[in-house]
Amino acid sequence: MFGHTSVSFLLLSIVALGMVATVICSCDSEFSSEFCEQPEERICSCSTHVCCHLSSSKRDQCMTWNRCLSAQTGNRRSTHMQKRFLRMPRDLAD
């Protein structure tokens with residue numbers, strides 16, 4: 001019985017360490033694989049990441065402030081270009 005308990009504890013420890021290592025590794029990157037529900041709230045597991053709203057078609061994702069600002073600027077630029085294209089005379093748009 002003692003052997004079974006120690007094996008279970010060992011496996012549980014390995015799983016817990018793996019989860020901690022995953023969070024630590026993802027905190028070093030600008031993007032996290034973590035999705036969130038409250039844009040601009042600090043509810044992400046990494047203290048350096050915030051919940052960022054990318055677009056209506058994508059889920060909000062945890063990332064650094066700088067990456068979030070550049071992603072949102074890119075989305076606005078893309079939308080602006082689409083609107084400008086739609087206003088073009090029809091013969092130029094083809």
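Each residue, glycine too, has its Cβ placed from N, Cα and C.
Residues annotated as signal peptide in Swiss-Prot, with experimental evidence given as evidence: 1-25.
Counting only same-chain residues six or more apart in sequence, the Cβ atoms lying under 8 angstroms from the Cβ of Glu30 (4-carboxyglutamate) belong to Met63, Thr64, Asn66, Arg67. When secondary structure is read from DSSP and collapsed to three states, Glu30 (4-carboxyglutamate) falls in the coil class. Look at Swiss-Prot and you will find Glu30 (among others) tagged as 4-carboxyglutamate, backed by experimental evidence.
If you look up Swiss-Prot, you'll see Glu34 (among others) marked as 4-carboxyglutamate, on the strength of experimental evidence.
Of all Cβ atoms in the shown protein chains, 9 besides its own fall within 10 Å of the Cβ of Glu37 (4-carboxyglutamate). Annotated 4-carboxyglutamate per Swiss-Prot: Glu37 (among others), in sequence order, evidence recorded as experimental evidence.
Under the heading 4-carboxyglutamate, Swiss-Prot lists Glu40 (among others), citing experimental evidence as support.
For Glu41 (among others), the entry in Swiss-Prot reads 4-carboxyglutamate.
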